[in-house]
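The next block holds one structure in the form of structure tokens; read it before the comments.
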């Protein structure tokens, strides 16, 4: 009898303690939004290492085309990556560097310097060579965070095969006849006759090596998965063994006549259409003054729990839409592009069932006693986040930065 009374008393005590442990504050949606907007204001300034917004200057009548080109390339690259992750059910890394990264674009030197230029007399049917001059960035070698090689695949109606697997290699400086002449980077399957598309490759390691060792910058090689031929980089010579030719065509690399049929007017029009699609590198660097702060305040990786999809109509934890208009919501005119973005936020209850027949609730009760201000119950927090690219002005100087973890894509109870 005494045992039953004691058990009932203990159970009542544990339930009461468990209820008292839910210390996550509950706010109405308007208050959530206001707090989220203010958090974004501080987040952007913090990532840019600014204590206050830049002084307002008259907006330029026209942004230089090369600046717009870098911004568009960076924005498109992030959108492509997000689409690929969504298709593959992958998540954005949440342990990226906190501070904003400066973005630089390095175009490949043109093969055809003028409209009337004659293509090279030699034709490489099995591969393409692409080179970049990164010497201007050597002083910032240690600040490199990411490097992407982007090349635009053109539609080739003349292609004899509809699909090919192309591979990207870093050309190596061979020390002797037995040493390797190339290093594999990545591969992609492309449809040669389909509409054109941008192809992106992560070349961080290769560019990092070039920045530290200028003599090793011999460029990239684009070839087929199994060309079955020997490549000699010293004289750009190959020994073919009935190799399959590379049917994919690339803007800025292949002459217009190799993939376009028609008169000179058609060829000229096609060349003009593809003039802004030159192969290029996108380098993302952390400025020195931010690099020092990053190294001294390195954030720890967060464990990613299982993701669950919630509808916004629910009261439980889920992703809530929130569009931030920089001018309207923050009173800022200094960010030129974009005008705003979908920041989103996480809100809602996180139901948690305590088990009275285990020691878990007792431990949590003790934890709450020792840490009365802490939350022992799960709270609704962001899980997957994506970066944001902005174009802004400091005085009359345009700057392009990539801000990590700015767009909330999913939530979790943690």
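Placed from the backbone N, Cα and C atoms, the Cβ positions cover glycine too.
What you are looking at is a predicted structure, and each value in this text was computed from that prediction instead of being measured.
Taken residue by residue with DSSP, residue 318 (disulfide bond) is part of a strand. Counting every protein chain shown, 18 other Cβ atoms lie within 10 Å of the Cβ of residue 318 (disulfide bond). As annotated by Swiss-Prot, disulfide bond applies to 309-318 (among others), with the evidence given as similarity to another entry.
The disulfide bond annotation in Swiss-Prot covers 317-380 (among others).
DSSP assigns residue 346 (disulfide bond) to a strand. Counted within 10 Å of its Cβ, the other Cβ atoms near residue 346 (disulfide bond) come to 21, all protein chains included. Taken from Swiss-Prot, the feature disulfide bond covers 346-411 (among others), and the record attributes it to similarity to another entry.
Taken from Swiss-Prot, the feature disulfide bond applies to 350-413 (among others), supported by similarity to another entry. Cβ-based neighbour count (10 Å, all protein chains) for residue 350 (disulfide bond) stands at 17.
Residues or ranges marked as N-linked glycosylation site in Swiss-Prot (evidence: sequence analysis): 72 (among others). DSSP classifies residue 72 (N-linked glycosylation site) as helix under the three-state reduction.
Marked as N-linked glycosylation site by Swiss-Prot on the basis of sequence analysis: 140 (among others). Residue 140 (N-linked glycosylation site) falls within a helix when secondary structure is assigned with DSSP.
If you look up Swiss-Prot, you'll see 241 (among others) marked as N-linked glycosylation site, on the strength of sequence analysis.
Marked as signal peptide by Swiss-Prot on the basis of sequence analysis: 1-20.
Residue 140 (N-linked glycosylation site) is 43 Å away from residue 317 (disulfide bond) when you measure Cα to Cα.
DSSP classifies residue 380 (disulfide bond) as strand under the three-state reduction. Of the recorded residues, residue 411 (disulfide bond) and residue 318 (disulfide bond) place their C-alpha atoms 6 Å from one another.
A straight line from the CA of residue 380 (disulfide bond) to the CA of residue 346 (disulfide bond) spans 6 Å. Annotated pair residue 413 (disulfide bond) and residue 346 (disulfide bond), C-alpha to C-alpha distance, rounded: 10 Å. Around the Cβ of residue 317 (disulfide bond), the number of neighbouring Cβ atoms within 10 Å comes to 23.
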